[in-house]
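Novice: The domain 'NAD-dependent epimerase/dehydratase' annotation in TrEMBL covers 484-721. The repeat 'PPR' feature in TrEMBL is assigned to 261-295, 296-330, 331-365, 366-400, 401-435.
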Amino acid sequence: MAREAMSSSAAACALQHLPWAPIYTAIKGGCSRPTILPGFLLSSCLATSPPGDGRRLRFSPFGFGPSAPAVGRVFGTVDLPPAEIMSRALARCPVPPFLRLRSTVCDDGYWMGRLDHQDWLAPNEVLKVFANIRDPSLITSVFNKACNRRDYKPSEALYSLMIDKLACARRFSDVEELLARARTEKFRFSDEFFYRLIKMYGNVAEHLQKAIDTLFAMPGYNCWPSTKTFNYVLHMLVCKRQYEVVHEIYSSAFKLGVTLDTCSFNILVKGLCQFGKFDEAISLLHEMPKQGCQPNVTTYSTLMHFLCQRYQVDKAFELFERMQKQDIAADTVVYNILISGLCKEERVTEAFSLFKSMTSKGCYPNSGTYQVLLDGLISSAKFMEAKNLVSIMSTEGVRPSFQSYKLLIDGLCSDDCLDDAHHVLKQMVGQGMDFADSRRKPNFTGKIAVAAALTVMCIIVLKQSPGFRGTSVFSRHEIGVTHVLVTGGAGFIGSHATLRLLKDNYRVTIVDNLSRGNMGAVNKIFSENAFDAVMHFAAVAYVGESTMEPLRYYHNITSNTLTVLEAMAAHNVNTLIYSSTCATYGEPDTMPIVETTTQNPINPYGKAKKMAEDIILDFTKSKKSNMAVMILRYFNVIGSDPEGRLGEAPRPELREHGRISGACFDAALGIISGLKIRGSDYPTTDGTCIRDYIDVTDLVDAHVKALDKAQPGKVGIYNVGTGQGRSVKEFVEACKKATGASIKVEYLARRPGDYAEVYSDPSKIHRELNWTAQYTDLGQSLAQAWKWQKAHPKGYGSA
């Protein structure tokens, strides 16, 4: 049986306040395609106001825009359209020397010959030669030729130009060769040179260790790093989540002669919060004054954001009060964080009161403030309050998202408030309807079409009879909407994946328990729905049970996969995201496991999954197939939905074979007398199995990214894990801490089909899909899952 669902929640507003992070400004209007400029050579930043907003623009060496800092000599204020603003701004920017020296002559031999000139060669002439060399492989030899002249010595400008060109060509070995020569000749570079070099290693070469080595090598060039350069390395490591290395760099500040500032500590606070070490982050508030620094609004907003993300908004307010006692004025970002946190905890009335108090504190809401509060009101079914807020937003010139409009109209219709729904609909059309998907371009025809569709939706909600039959919206493809079939969508992982897809504005249809269906039923579902992709989760999935019922596992897993593949081929659905398992590897000789590790499963569950993979791979090799396939082999899944909407509730007869987290929670709840650990004599540190535990939120994120990156005719196979192995004893201790319960543990003989150690190497999925596990704190994942278990001791419907 298929259950159809449309997106039911608006996208969350991103709340980040990181002044040390690079700022990229999109210039709307006047450009038909993006223009890439060498940012390190420009002394001005560019920004524009929306056309017709009546604001004046300030030009200065430090910024360009309505809020540019009033520092330095201001060149003037003008009222110009965006295209003219951009052209005049660029005219005021200093042109990089090597761009001024570029010539239409493209022959590298001609430019190399200029170095044979017998007369004195001016430094700018040498720069012109290197600026016009097209082949980067010639840079080193041309440099040697220039250095052999008695009338020329290389300058920092020349080194910068050469390194920029070599980095663009990704010839990093040549860069190393140039730097080694400069060091031998005791060439002295400036801090700005090393700042750019470190950015090149970190952002272009993606070689963090080289960036770190460069920082420590600076004194060898008679140059000591500035606080700006030091902070950039810290921030780069935090962004790459290299938290252990961050502390090493921080500890080296004194040795490098760096004076830490507030920005340095803000970066550390951000890193510690991301790493889940909140107590250590808080301790920096006491450390900062000892280093001659004081926390600022960014310091506190980062800490408050961490707490609100973890449903600890009361603690966030304690920090808010502490900040005010220190005479640190809260900005709009702080209020947005607190309002968002209150809405997450369904304390919408308090959020609204905080919103109304902002202006009395000299702080004014922005579009993010309104949107977060609107989403909170809608999710709490306070549709009339949400309608009033939309009116306020219209007065202030702020447009709600398309998703919010849709959910609000739907809610008003369900409450039989058709006149109010019609009023909101007219506001929506009048404001141009801000589509959530930026790829959709609103136009007059689109406005009329969507308005008509929404009106029909209201009428159907109020008037439709049970016997109504018509063409379903799901039976046809819609431009800009991806329709995903989720098999096994009522299961633990499938339900979390469905929730994430809905949040990201996918259209979702769930099919569950294919073992009770047949090919005819599945074909009927495909015939009545225009699917763009399939996420195939449907399968029995317990290692212990598979050793007791092997034939059931072989039949269920392989036949389900055959059924889905045949239906996809028959109905021209060409994208498959397949849920596989690390059990296909068996017990490898070496760790960590990579995707090319030999598959040698040792239990029926793993063997059946490998058979299913082979079926899929053989099908993709056939001439009839142009299918995009992504196979995700994931490790031990834990955790639950961070917002508390979903959790794990296995059938009672499967508790004995279920995941270890479920058994721990059962013991903590008193459902079972204690925890039975199968095997304490494995060749590991403490004698128990070692596993890689992946949070379900990270897992579904990997599925969505795989869906986004899938390409026709190509197959991607990825391990989905954290890359960290944790023993069962370690897991149990973390579970005791998360539940606060004293869990009795009994050690029994090994379970057939289990293996001693298994953990992943997730490098490939990070490199190709840009995916990294975010929820790596074992205790935090278990605490989140325990929160749901406590609220639902007997599964769904028992809260």
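Each residue, glycine too, has its Cβ placed from N, Cα and C.
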Novice: Per DSSP, what is the residue count of the repeat 'PPR' (366-400) in each of helix, strand and coil?
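Specialist: Grouping H, G, I as helix and E, B as strand yields 26 helix, 0 strand, 9 coil.
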Novice: Taking helix as H, G and I and strand as E and B in DSSP, count the residues of the repeat 'PPR' (331-365) in helix, strand and coil.
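Specialist: For the repeat 'PPR' (331-365), the helix, strand and coil counts are 26 helix, 0 strand, 9 coil.
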Novice: Looking only at the repeat 'PPR' (296-330), how are its residues distributed among DSSP helix, strand and coil?
Specialist: 26 helix, 0 strand, 9 coil
Novice: With DSSP as the yardstick, break the repeat 'PPR' (401-435) down into helix, strand and coil residue counts.
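Specialist: Secondary-structure breakdown of the repeat 'PPR' (401-435): 26 helix, 0 strand, 9 coil.
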